[in-house]
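Novice: Would you mind keeping the following structure in view while I ask a few things?
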């Protein structure tokens, strides 16, 4: 039986599993475009459910359990081919993971994931990197990574070079991210040009150990379309990159997140010089605040001594 008009579904996995158990092989949602699924326990059950949705475009997985550690898992008896391990969602364009225990997205094991256009990862604390090196994400237009406390590296230089369609990148509240783009060991000695051709909006907020966008001297960056850059509460960020960076359309840097009031800093020479000046100004401000606190402490101590005398 086909449910012809259903295009959106929001369901908990316990309920979904009951439906699967009682309707094996009977139903298929050919027009379903958007699915929000809660509390997915493991990849095998996820496969069975998604296999009923051949035209799914948007998948949101919320509050997945600790057993779902890989989005694409080897299910030899059910889906021996890597192309089948995520079900039949060949039209998938957007993936959202919220509070998931997944530690491996599996880009290298499923071509469908490499064709994603939008990817949002929030509170996925087991992830240490977005994708292994040499993975291409040429279709991706929107990337948001937020509050992923275990994330250390966002992407390698080869993956960065593949992001030719990316228009928006937001990286926020990731406590262990030191740089956005890392260089592969086998390319340490040669100059690499990385062009984010369509990137318009770049947001870097509350990255407490971020030192730079990229720390490798042999990586040169071009941002021909970049118009909006937000850098806020990144206290360790001393420079944007270690080498030449071009951003001809960028006029200023926003120093507050969306929805908050904050100043904009005009570029002073180039992007690297401006970031360095922001870092120096922030350190100067911190020293002045510490000096004020020390003066207040001394004044309070003197007042207490005077009162006792």
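Here the Cβ of each residue, glycine as well, is placed from N, Cα and C on the backbone.
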Novice: Out of 262-285, 286-309, which range is noted as region 'Disordered' by TrEMBL?
Specialist: 286-309
Novice: What are the helix, strand and coil residue counts for the domain 'Disease resistance protein At4g27190-like leucine-rich repeats' (133-244) according to DSSP?
Specialist: 8 helix, 39 strand, 65 coil
